[in-house]
Each structure stands twice: as C-alpha cells, then as structure tokens.
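Enquirer: Right, I'll just put the structure down here and ask away after.
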Amino acid sequence: MTEYKLVVVGAGGVGKSALTIQLIQNHFVDEYDPTIEDSYRKQVVIDGETCLLDILDTAGQEEYSAMRDQYMRTGEGLLCVFAINNSKSFADINLYREQIKRVKDSDDVPMVLVGNKCDLPTRTVDTKQAHELAKSYGIPFIETSAKTRQGVEDAFYTLVREIRQYRMKKLNSSDDGTQGCMGLPCVVM
C-alpha cells in the first residue's frame, strides 16, 4: 500500500483541523482549539489505488513558526489553506509558499490551494483572486467547507494526485536511460 505524507498549513483559525477531522472522522468540529501539531492516518481508495494518508495538521499561530521548517521538510505535499472570509489568511499564503520553496529547495513541490469556509455568506476573498493565485503558482485551487464537507475529499485527493504526478516525473527524469549513478551512464553486465 502506498503511503502519502500530507501537511496542512495556513494561518490560525482558517479551519485546518476542521478539514482534517472532517476527512478522517466525518464530523465537524465547531469550537476553536488552536493546534500545536496533530497527526492522523487514514486508509482510502483514490483512483482505484488503496493508499494510506499520513496527515500532519499544523499550528497556524505565529509563535509556532519555528516548527514549520521541520514539518515542511518531511511532507511530500502540502494543503495551503486560507479562509474565504479572512483576507489576511489569503495574503499569508504567499509567505507559506516562499517558506515551502526555501525549505524544500525547489519551486516544484506538490501543493493545493484551499479556500475554506465557503459555506459562509461573508466572503472577503474573491474566487477569481484565488484561482489567479493558484494559476500563478501552477497548482490546483479547491473551495471547501469543513462544516458541510463540500470539497473536503476533493482537496486531499487532489493533493495525492499531485504527489503521484510529481513522483512519476521524478522517476521518469531519473530513468531515461542516459544518466546512471552520479550522472554517469550505467552498464549492466
């Protein structure tokens, strides 16, 4: 069974834990209890493949920012979550993305931009803005509601698909037959 290490990042109060718990336990947590770090595991079937999701739900509060490098380093893919009723959380996405690129030392990291709380009538982040940001990053954008479950599976499953594409790209680039160990051609005897 293939395992995928997913990390959920975003500002405090955007619903990272609510999204994760909705996926794992199928219920909505409506009280806000700031997370330091929680880990969840769930076996799911995505596109006919049984896989194990190892999800790290992270702290959004600034006082825990020193921990971010470590969990960004270990994650294969990241859900970058903002709340559609919180413009600051949307602006913060760029800071998270820059930190991810720095920690991973790469511009090519599997990510999905997630606009949470789409069930709320008080929107301050326009869907078009979010689509444009995701397009500029070259990543998918999905609106979700942890409360109604809208888009929750889609967000996590899309991230798994992004990781699969990334793995295949890495595999194909290292398996083109021209480069072997340390950049030298291989000879099988």
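Every residue, even glycine, has its Cβ placed from backbone N, Cα and C.
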Enquirer: Pick from 32-40, 104-112, 176-184: which stretch is listed in Swiss-Prot under motif 'Effector region'?
Expert: 32-40
Enquirer: What same-chain residues, at least 6 away in sequence, bring their CB to under 8 Å of the CB of Cys118 (GTP binding site)?
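Expert: Listed in sequence order: Ile84, Glu143, Thr144, Ser145, Gln150, Gly151.
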Enquirer: Including all protein chains shown, what's the count of other C-beta atoms within 10 A of the C-beta of Thr58 (GTP binding site)?
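Expert: A 10 Å sphere around the Cβ of Thr58 (GTP binding site) contains 26 other Cβ atoms.
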Enquirer: If you count the other Cβ atoms within 10 Å of each Cβ, which of the binding-site residues Gly10, Gly13 comes out on top?
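Expert: Sorting the candidates by Cβ neighbours within 10 Å, the top entry is Gly10.
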Enquirer: What is the Cβ neighbour count of Ser89 (phosphoserine) at a 10 Å cut-off, with all protein chains included?
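Expert: Here the count is 24.
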Enquirer: Just give me the nearest neighbour of Lys170 (ubiquitin cross-link) among the binding-site residues Gly13, Lys16, Val29, Cα to Cα.
Expert: Lys16
Enquirer: Counting every protein chain present, what is the number of Cβ atoms, excluding its own, within 10 Å of the Cβ of Lys16 (GTP binding site)?
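Expert: So the Cβ neighbour count for Lys16 (GTP binding site) comes to 27.
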